[in-house]
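Asks: Got a structure for you, questions after.
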Amino acid sequence: MSKTYYTEDHEWLTVDGGVATVGITEYAQEQLGDIVFVEAAEVGKQIKKGDTAVVVESVKAASDVYAPVDGEIVEANDALSSDPALVNSAATGNGWLWKMKLADEGQLIGLMDEAAYKTHIG
Amino acid sequence: MTDISARDLPLKDIHLAAGAKFGPFAGWNMPLTYPAGVMKEHLHTREHVGLFDISHMKLFVVSGSGAAAMLAKACPIDAAAMPIRQSKLSFFLNDNAGIMDDLIITRLGDERFMVVANAGNAVADEAHLRAVSANFNVVLEPLDRVFIAIQGPEAAAVLADAGIDTGGLVFMNGFEPRANWFMSRSGYTGEDGFEIGLPEADARALVEKLVTDERAQWIGLAARDSLRLEAGLCLHGNDIDASTNPVNAALLWAIPKELRETGTFIGADALRAAIAAGATEKRVGLKPEGRQPVRGGAPLVDDDGNSVGRVTSGGFGPSATHPVAMGYVRADLAKPGAAKLFAEVRGSRIPVEVAPLPFTQHRYFKG
């Protein structure tokens, strides 16, 4: 299992061969509540850290999910189009949101590890 | 997520113990969801019974020999003709016939009425009622009550099993079952149900009893919103406000025909003018194509991108199992199938259909 990185905006990512898989944390899915729609990530799109990569819609509201690092989106999680609730039931597993090819692996250094993230959410 | 400037509900401790997440609404810290989550809470209400703490809403007793006449001035309602126990939806209109608030008015006695007002408008409503009352022999009494809604197909059974006498009420009827209690068979979900206003100590005893019944569970404001939206019911501040009149809002049904023609209530002349001119736009149900919800504030455009209206409330309908919304469209487009419309969401266009309201059939108990 590769190391998991976390952001202050409650995203997680794991990196394998220069490609990061990105999702939202358990904490984030709990805060959002029942997810009913995920606007699919746009494959081929170049995004910068902080850009909106995906929008998740709960019953009540729409929430942006930001790119944690710079890179190119290489895959969207197609399973979410028929089962968006995977983001709730498997936030850190099958409910991942997109994969991106990292532009600069050095950006990972600025992210939190699990212990730091746990402190962050209190 | 607690807003320190907002007021707490008297039963806050009970909601905390039930695991509620709170958020601000209309100046109150309200339970938004409980651990079951909005989807399950919504479906539980449609299948069994939901308990809602709606103590943010304001109850006023209007009494005195001029009570009916005062209400007939303040609202487009024939209060003097209402049978005792009847409840009616009505409005405070401004001089342009704009809807300052929507209210439920119940006749409790010959010279005694209950007015239930929205939380966000409670202060303005009280000032308005006081101003109108100056010319009438009435006493206006704002009440300090816990207000609990018990909603769902098993609501009557749950109350009966808890030993609460519902007095043979049918939909849109209300009475005072005992001193300082008010009970009506009404609600904001489209389901059968009751709303009970009562002193805090009595409320604690009542909800303690109700939650021991597994058919009943606490439901937060998030599901209250999805339930009322599926039921096609307006949220003041979103779907109706001081800039919308009952003609455009498709709420003329709540104003008796004779009053539309001859009434002397505040806003009567403007309402007559609006009726004569016809609706310029109309409130309608909107069904987005696909799974993506459209939210209040989204512009509506036609095939060529011309503005034709706006979404005023939108979300996902757990019982409808698709996104649901309501909004205003140009009057000539306000029929199902009249035109292809699109909601603009984050730069893309989502096709929406004008749809009949409600999205889920009302299941009121009419006797």
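Glycine is no exception: its Cβ is also placed from the backbone N, Cα and C atoms.
Owing to the predicted nature of the structure, the values given are computational and were not obtained by experimental measurement.
Residues or ranges marked as substrate binding site by TrEMBL: B:Glu195. Positions annotated as domain 'GCVT N-terminal' by TrEMBL: B:12-256. As annotated by TrEMBL, domain 'Aminomethyltransferase C-terminal' applies to B:282-359.
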Asks: Averaging the per-residue pLDDT over the domain 'Aminomethyltransferase C-terminal' (B:282-359), what integer do you get?
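Replies: It averages 96.
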Asks: Hey, does DSSP put B:Glu195 (substrate binding site) in a helix, a strand, or just coil?
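Replies: Strand, per DSSP.
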Asks: If you draw a 10 Å sphere on the Cβ of B:Glu195 (substrate binding site), how many other Cβ atoms land inside?
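Replies: For B:Glu195 (substrate binding site), the 10 Å Cβ neighbour count is 24.
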Asks: With DSSP as the yardstick, break the domain 'Aminomethyltransferase C-terminal' (B:282-359) down into helix, strand and coil residue counts.
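Replies: With helix first, then strand, then coil, the domain 'Aminomethyltransferase C-terminal' (B:282-359) has 3 helix, 43 strand, 32 coil.
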